[in-house]
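Record features, source Swiss-Prot:
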TOPO_DOM  1-14  topological domain 'Mitochondrial intermembrane'
TRANSMEM  15-45  transmembrane segment
TOPO_DOM  46-59  topological domain 'Mitochondrial matrix'
TRANSMEM  60-87  transmembrane segment
TOPO_DOM  88-231  topological domain 'Mitochondrial intermembrane'
BINDING   161, 196, 200, 207  Cu cation A1 binding site
BINDING   196, 198, 200, 204  Cu cation A2 binding site
BINDING   198  Mg(2+) binding site
């Protein structure tokens, strides 16, 4: 969950997000070192009065400033490619959840269970309970089991949307007529918030996403109860 005046990323609850945070810190340190070196060279050039007028070429320096950037790019590219392949790894999922974007709400279908489908609308401000978040609460929370691989199938019925939950490191476009998939897993129980991250019309800001991860046994009881009620 984001907080006022927060400088860093949200706390990770999935292995992918932990890898993304580590890569962010890795890239930021490289940028900091490069910026420090550039500022140091600029300060030297502005403060020194010494010049080397007889130098026509410098093969050693040219070799250094050609090889060094290549090494830096490799140091950034290798962990980035590793995370990219991790996001495309789909082990045998325990559960498949389909999210469909509409103007301006989300609908979910539990594809592994019969007739489990819900529409989720934003909770109006005057219905909020103490401690709930404005523009982030919905009338029905999406319930999922923790410590389980969950495959998300994401699409749209009208215009472009984007299904994004920062704490899980997930952001997948919802495109009409196309199914995109993403894998997510939470290592701890709790509520995790997201929003539509693609401009989709006048009420784009009113498409929150709320995932409630619970223990596996509780999820089985919850799913069984809903199945019995739907009969």
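A Cβ is built for glycine as well, from the same backbone N, Cα and C atoms used for every other residue.
Location within the structure of each feature annotated in Swiss-Prot.
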residue	record	DSSP (3 states)
161	Cu cation A1 binding site	strand
196	Cu cation A1 binding site	strand
204	Cu cation A2 binding site	helix
Overall pLDDT of the topological domain 'Mitochondrial matrix' (46-59), taken as the mean: 75
Alpha-carbon spacing, residue 198 (Cu cation A2 binding site) to residue 207 (Cu cation A1 binding site), which is rounded to whole Å: 10
In the chain carrying residue 200 (Cu cation A1 binding site), residues 6 or more apart in sequence that have Cβ under 8 angstroms from it: 101, 103, 104, 159, 160, 161, 207
Beyond the site residues 161, 196, 200, 207: chain residues whose C-beta lies within 8 Å of the centroid, for Cu cation A1: 101, 103, 104, 106, 162, 174, 195, 197, 198, 201, 204
Residues in the topological domain 'Mitochondrial intermembrane' (1-14) grouped by DSSP into helix, strand and remaining coil: 0 helix, 0 strand, 14 coil
Cα distance (Å, whole number) from residue 204 (Cu cation A2 binding site) to residue 196 (Cu cation A1 binding site): 7
Sparsest-packed of the listed binding-site residues (161, 204) - C-beta count within 10 angstroms: 204
CB contacts for residue 207 (Cu cation A1 binding site) [other CB atoms within 10 A, all chains]: 27
